[in-house]
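Structure, as structure tokens:
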Amino acid sequence: MTAGPDGPPGPLRDAEAVVLVGGQGVRLRPLTLSAPKPMLPTAGVPFLSHLLARIRAAGIEHVVLGTSYKAEVFAEHFGDGSAFGLELEYVVEDEPLDTAGAIRNVSHLLRERDVLVFNGDILSGLDLRSLVDTHRSSAAEVTLHLVKVDDPRQFGCVPTDADGRVTAFLEKTEDPPVDQINAGCYVFRRPVIEDIPAGRRVSVERETFPGLLADGKRLQGHVDSSYWLDMGTPAAYVRGSADLVRGELPSAALPGRPGEALVLPGARVAEDAVVDGGSTVGADAVVAAGAQVTGSMLFDGAHVGAGSEVRGCVIGAGARVGSGVTLRGAVIGDGAVVGDGCELLDGARVWPSVEIPAGGVRFSADRR
Ligand code: GTP
């Protein structure tokens, strides 16, 4: 462990963090049309608040955000970071530089030997100190958080040898040799960042890491089995928020105590309505009489009408769901209207401001 002044474990004051938040979040459209993915409300606060709280809890203060898509909204919300106990800096890419390009693009602001790099869309319970301890004790150039997944066919996989040393980066295949995947969190020695080519798109997984392996450099895997979720799809995003609300992944940024529902100030839930499964009801949102909202997120000002059933859904800001509506696994864009009696199932998505007339429209899509 990293030793503190009174013995282990100590805060990571001699490390700093880079968070990559510049992606377009295509898989989460239409929610990401109005806000970048790391700023989407998640258990009552922007998703990034949970990650920054974890970074701060580990004792890291200096954090650089690599921004591109909708860059300005991050600084508008988080400012210089002092309200969160952080020293936050921002770097904007004129053109998206991809993951490694984005890391290289912030290198002029880095000052410590070890730099933790985070994808800005991962929820995880990883102990950051133990990741850094693995990095330091193995004297690696880069240490990668790896997780084991049930179905590795959906991901590229990252085999390691008996000492935990990464041996390859394998593309997606129908028959992956191991179930370990890149979890989107790394520790870099700073000189490795400076060696990444500047000013062009570079991917960590497709170019930087395979290049380091080909040069015989040590990349260390840190396999960890605590909570981990890539919230890049609507289903994962809804699940992640519900897990935070219920305290399955504790977060210091949760605005309230863990429980079945998080009802934000100004929201109104009718006495005989049911809101559970880790749902969030945003400020000034309404859940009308007899409605059932389970494992879902209602953004600020959203309205769910009488007797409607909403499961595993996101209802965008100011969107209106009529009475007697059934929504399961659906995403309703900001300001959209779903008329009385409609049924939207299985990953259906309604774009912002679209109005679906009343009359029992049944729509199902499987695009998750
Ligand atoms: P999809 O478009 O739905 O795949 O989402 P995404 O754009 O976020 O891509 P992906 O999930 O692969 O990105 C992983 C992380 O890297 C996310 O936190 C992104 O914000 C970030 N990221 C991806 N591309 C860039 C980029 O060009 N610049 C910066 N600064 N960050 C990026």
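Placement of Cβ uses the backbone N, Cα and C atoms for every residue, glycine included.
Per-residue confidence over the domain 'Nucleotidyl transferase' (17-244) averages out at a pLDDT of 95. Under the heading domain 'Nucleotidyl transferase', TrEMBL lists 17-244.
Summarising the annotation, TrEMBL assigns domain 'Mannose-1-phosphate guanyltransferase C-terminal' to 259-356. Secondary structure of the domain 'Mannose-1-phosphate guanyltransferase C-terminal' (259-356), assigned with DSSP and counted as helix (H, G, I), strand (E, B) and coil, comes to 0 helix, 41 strand, 57 coil.
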